[in-house]
Each structure stands twice: as C-alpha cells, then as structure tokens.
C-alpha cells in the first residue's frame, strides 16, 4: 500500500480516465469523485463508476449539486441547443465556473482524506475555449487551495495536477493505451443517449474522433449512427 | 436603477446580513445566494430568505449541495458533537473548503448575471480559527476567479469584497444598526432549534453575545432558555 493519496476527478470521459490511470501509475492511492450536476449526458456518471472500479480506485463518490438553478450553459439548460458546428470564442457548452466548483468540492474531500494531491484531466491544447482549462488557472487554484485549508495552514502543501495539460488528444490516447485503459468504457459526447452512445457531431465527439485517427488507434466509441 | 450588480452570499447570520446592507449602501443591485448543504442549523435558510426581502435584494437563490457526503465537520456530520467550550486551533465546526465551494458557486452565478462583485461576510478578527476567512485567502480566490471566467478572459475584473474583514463583532453590529438591520431576524447559532432560537453556548453564540455587549446594543437574539 502506498502512502501517497490523491483525489481524482472522474467524469466518465476519455481525459479524466487517462488522468486516473496516470495517477495510479505514479503510485497514488486514488479516490475518485464525480458530479451529478444536471448534465444532459448522464450516461457519463455510470461510465465513471465503472471506470473507477476498472482502474482500481480505492473509493468512488458522487456529489449531487444543482447547477441547473444557475443556468447559462447548453450542457445544463435545456433551452440552449448544443451546437453541431465549431463556434469561435467561448462556446455555449461552457458551464459557468464548473471546474472551480468541482475542484472546490474535491478540495473539501481531499482535506477529509488528508490527500496530497488532486488530479484532473483538463488540457490546454484541445481545450475548446474554456477559460478554466488553462495552466495559469490551475496554478492560481492551487495557490488559493493552500490558503483555504487546514492542511495548507499547517504547512503541508496540496498539489493540483493536470497531467494532460500539454498533451494532444492523440498523445493522451497513446498514453492511456500504454496504461491499459479500455476507451470503449469512456463517454466524451455532450449529448450521449441513455445507453451512452455518442452523437458523433458535437465538439467533444469531433476532438475525440480526430484523436483516435491521429493516434493511429481504431476508434472504439459506440456511435448512435 | 444602478448599473453595478453584486452577488451577496447570505447565510441568515448577523455578518452576512450586514455585508448585504453594506453592498446596498454602496449602490449595488444585489442578488442573494444561500446554500442548503445539510447544515444542522436549517432555520438559517428561512432567515436568509426573509432578510433578502427585508433588505431589498433583487433576487434570492438557494443552491442545494450535498456536503454531508464528504463529512468531516460537526456542522454537517451528526456523529461529531458541537463543542460548548472554546477549543484551540481549527475547530471541529470547520466545514472542509466550505467558503471555497460557496464562493465558486457564487462565481458561476455572478458570471451568468454579469455581476461586478461578490460580497461575503467573513471577518478575520472574530474568525474563530477558520483558514478560509483570512484576507490572503480572499485575495487568492479573487485572482483565481479572474482566470477562471469568461469575464476575466475578456478583461472585465470581478471583485470579491469582504467588507467586514477587519471589523470587530461590535463594529459590525454598529454598522448594521446604522443601515437599519433588524438583527432579531438573523440567526448565528451553530445549533439553533427548529424555530430559530439560539443555544447561547456555542462559539458563534458567544461571539455574538459579546458583540452586542461591546456595541452597547441590547441583544435581540431569541434564546432557547
């Protein structure tokens, strides 16, 4: 058993599954956390629970939080359509402060577990225009986190790791394959159907598809058509 | 009607009610937010809704978030008793990362409302040992928030104001009385009963009681005994 403990944010998608496999490969005892926030793509939550087991996490927690009450995103507000063409600038699928809210809850759990690190699967290369996926954001969150908590006050640093930050989708897929991930278990689509099949059209589907092509790996994704 | 808009975090307690009155007095159009997080003192939530109306906020939102799943505090975990004597160090009533989680959700709402500021009622003088009530923490959160959001990326700064930060409880009460707050509507107790009556024994009750004494204002709190 290892002494190093990490909370890993696991959405059920390709990136966070890879972040979990990387944390494990670095010797962390991993505890996964997922969020039920009224997202359209709820099949992700089932995928996350399965991936947590398949990748040998020590525990898995699902936190319910009502972000629909706030609104403002195509991912939680059913009055806003998910676009099927790439848009310039910050996309309508951006959920206001989502990574900040999720990281904050992960921070609370990390404090209870006395964890050394939080891992998350954001990356800046294919980041799709979300401000809270940039390295300077992650660094600022880490600084804040160490001022916010008992652990920080007592002098033990908590680290926020985003190991995929500078990897392309193809590099992420290659790393995950090396670590034994079965990517058919992951769901990236913004509007997957109830059985978790992908639309093949949204930004997230297109990035993923290109990633498998560029990685030279056959795409195991279950598509609706 | 004013152009300046603020999200104000309103717990139903004395401090946050005063922060709201101060934001109003500075000309902000105020939108209040409260959190239903499995706290023992649920009468606070009813007090918050009433205070929001009494102090003329433009809207009030209650966000449900399950912090009990994380545990680790006497305020959310019924297996941990609320102490009736003051303890040294960080108290068991500390909820891991609570201010960070609440500020993050307020940040999401501020982004949807295109607000200029978030107000919260923390203060460092009577802060009772919570790490996330210190000025350096608030500053670090503000820096992170401006990197996290669409508004920050587009160059409009969001401010996090903690106007009570360096005030004593007596000064807070004096300021609030000047601004017309009826403090009998506020609940500070960690273990208020269902009708909102205070225990008179916990840290929060003791700070409040001393505050009224030092302010030379008669204490309007409804006590259980």
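Sequential numbering from 1, following the chain as shown.
Note that Cβ sites are derived from N, Cα and C of the backbone, with glycine treated the same way.
Quick look at what TrEMBL lists:
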type    : residues                                                         : note
BINDING : B:10, B:11, B:12, B:13, B:14, B:15, B:16, B:17, B:18, B:19, B:20 : ATP binding site
BINDING : B:189, B:199, B:202, B:205                                       : Zn(2+) binding site
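When the Cα atoms are compared, residue B:202 (Zn(2+) binding site) and residue B:10 (ATP binding site) turn out to be 21 Å apart. Using CA atoms as reference points, the binding-site residues B:189, B:199, B:205 were checked against residue B:10 (ATP binding site), and the closest is B:189. For residue B:205 (Zn(2+) binding site), the count of additional Cβ atoms within 10 Å of its Cβ stands at 20 [all protein chains shown]. Residue B:16 (ATP binding site) sits 14 Å from residue B:189 (Zn(2+) binding site), taking the CA atoms of both as reference points.
Taking the centroid of the Cβ atoms of B:10, B:11, B:12, B:13, B:14, B:15, B:16, B:17, B:18, B:19, B:20 as the ATP site, the other same-chain residues with Cβ within 8 Å of it are B:48, B:51, B:121, B:186. A Cα-Cα distance of 15 Å separates residue B:199 (Zn(2+) binding site) from residue B:14 (ATP binding site). A simple way to gauge crowding: the CB of residue B:202 (Zn(2+) binding site) has 24 other CB atoms within 10 angstroms, across all the protein chains here.
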